[in-house]
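What follows is a short report on a single structure.
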Amino acid sequence: MSKRGKSKRSHRCAVFLSVVLCAGLFTGCGDKKAVEISTGSTAAEKDVRDPYDGQSIDEQPNITETDTPPAEPHQASLENAAQENVDYSETFGGLNGCAVVFDPQEQVCRFYNKTLCETAVSPCSTFKIVSALMGLKYHVLENENSTMGYDGTQYGNAAWNQDLSLKDAFQSSCVWYFRKVIDQVGQERVKEELTALDYGNCNISEWAGSGINPGEELNGFWLASSLKISPYEQVRVLSDIFEGRTGFSPEHVKIVKNIMSADGGGIYGKTGTGTKGQAWFVGFSESEEKRTYFAVYLEDTDNREQVSSKKAKEIALKIIGQ
């Protein structure tokens, strides 16, 4: 082949590779099974019981230090698991909601109210799990004692009115603390991490949030705003993180696991609360034999006075104990 022919062929290859690379860069989180629904609210609709998406002190987990290292990565993943529909209606006590329970060793994923399990909604404060990991990865936080600095603002949740460590902020579900963490990580890196995790719709376009709470520091894209994730996706992301299938280091995963300890008895999780009858409890249970991942989500506007993160946690613990 002549030098001119080789040159033309090389040029065509270069153009083809450029097109492929550009397509990859502009692809988002990929195709989603979940259907997005709005969970926003106006200022007049804010829940006076819990306007800041922070739980009351009696709803918080008892944080217990644990030296248990992350489990060895399982080759099995949620996408390859068998699926079963189960009836947890008695456990939900008439409240509208859903549950996803994944057993990596049995390779089975159980669904209650599967349609809602695959519906994308606001993660609310469950997003603090990933926020903490990003803060640690990019050295905004160094360990569970890292503080972000209290500015003197008086909040409805008294636990927030002081300088807080990562452990304290996670325990009290402090929005202003994690708002500072996310802002210091930055939009570009947050987007990269969410895309790598395939975290719901990965949409951080409403970076400042939708204004559901008073004060810029109490709003964010994860609070009834642009970011949405389904309960099923929550379980997949959690299992990827704690089975060692992500870019987060074992050291950082261990720190977050420690602050997720919900009762000192092998339950690790995070609550979340919406403003219109939504509540979450997501996490995993752990014994010497195995881990079981779960997500319980409540969405009941007709019975919103009965819906709380405490109730979601109560339901999850009953399901895990069955």
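Any Cβ shown, glycine's included, is placed from N, Cα and C.
Computed from a predicted structure; not experimentally measured.
A helical conformation is recorded for Ser125 (active site, acyl-ester intermediate) in the three-state DSSP classification. All protein chains considered, the CB of Ser125 (active site, acyl-ester intermediate) has 26 other CB atoms within 10 Å. TrEMBL lists Ser125 with the feature active site, acyl-ester intermediate.
According to TrEMBL, the feature compositional bias 'Polar residues' maps to 57-67.
Annotation source TrEMBL lists domain 'Penicillin-binding protein transpeptidase' at 100-320.
Every protein chain shown contributes to the tally, and the Cβ of Lys128 (N6-carboxylysine) ends up with 28 other Cβ atoms within 10 Å. Among the features that TrEMBL reports, N6-carboxylysine is placed at Lys128.
TrEMBL lists 1-23 with the feature signal peptide.
Summed and averaged per residue, pLDDT over the domain 'Penicillin-binding protein transpeptidase' (100-320) gives 97.
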